[in-house]
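J.: Handing you a structure now.
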Amino acid sequence: MTEQISCFPSAEYHESSSARYWNDVPYGSTRLNLLDICVPKRQPEDASQAIWLVYIHGGAWRDPLIDRKSFKTALDMLLEDDQPHNIAGFVSVDYRLSPYPSHPILPSSPSDDSRNSQHPEHLDDILGALLFLSTEAGRYILCGHSCGATLAMQATALLNGGRRGTRPPVALLGMEGIYDLNALVAKHSHPAYREFITGAFGEDEGTWITASQLCCELQKWQGNALLIHSINDELVDMQQTDSAVEKLVIQGFTRTTAAPSSVKNDGRRVSKIVIDCMHDEVWEQGTELAKAIRSVTDESWIPNTSSATC
């Protein structure tokens, strides 16, 4: 991985006592096609069990103030943890955003090609980032918060179908995700919900349905999914996570309340965990995000079968 990154002189490199960092690594043509990479100096004892964690930020597909740097608080907590781990590296990804001309601090401009995107362009960027990383990163887990969880699930569905030449993740971690666009707008009467959904997916509600269905099209995926939602999430209702769990169960996933057995873990497990914080406190405080990442990167969550990575 480090040899590949060193080919990009624009990447900012620095070290700390615990990790090596490559920031602002370009993977595409716009100013938001950037990712940050962190490689802990303390690597997994068993290299064959090494896992990369790829984080996708939220922000309703449009908020310029919630970006790849929002992962830093949780990342710092994970690096300070001296417990044994399987994480070979962390990646936090930026992607093109949808228009937000009414943003109070950084309104979007029609001339900015990085902030006038619509589905599936956000998803295309995530797939492009994963393709960029695929040669060196090996096995990985996709993690996303809010609309980042949406993108993580959609990307897994497409990659499991053999698209883009990139293997799917071995596990998914969705934090307070949006998995049913139509239900979200129907549930919340505030006009901001319809505004950001139409900004990201257009006016045609049929497109919303198709994009939502893609979230849970994981019939053949052999990985495990950990879906987490806060009982005090004031922006995204828990029914989003509940409905996603039910859809996966219908597709043959086994519902579990604990980590799959490391001995008999053949994949296709889904678990829901309830936490207690506000929506953005997941990444602002970092505690719950770091805790969830520790759980999902544990060996017990990684399927024994190699088919999850084919």
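Counting begins at 1 with the first residue displayed.
For all residues, glycine too, the Cβ spot is worked out from N, Cα and C.
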J.: Can you dig out which of the ranges 57-61, 242-246, 257-261, 282-286 TrEMBL describes as motif 'HGGXW'?
T.: 57-61
J.: At the Cα level, what's the spacing in Å between Asp233 (active site) and Ser146 (active site, nucleophile), rounded?
T.: 11
J.: List the Cα distance (Å, whole number) between His279 (active site) and Ser146 (active site, nucleophile).
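T.: For His279 (active site) versus Ser146 (active site, nucleophile), the Cα atoms are 8 Å apart.
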J.: Kindly assign His279 (active site) to one of the three DSSP-derived states: helix, strand or coil.
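T.: Coil, per DSSP.
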J.: Would you please pick out, from the active-site residues Ser146, His279, the one with the fewest other Cβ atoms within 10 Å of its Cβ?
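T.: So among Ser146, His279, the active-site residues given, the one with the fewest Cβ atoms within 10 Å is His279.
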J.: Including all protein chains displayed, how many Cβ atoms other than that of Asp233 (active site) lie within 10 Å of its Cβ?
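T.: Other Cβ atoms within 10 Å of Asp233 (active site): 22.
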J.: Could you tell me how many residues in the motif 'HGGXW' (57-61) are helical, how many are strand and how many are coil under DSSP?
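T.: Per-class counts: 0 helix, 0 strand, 5 coil.
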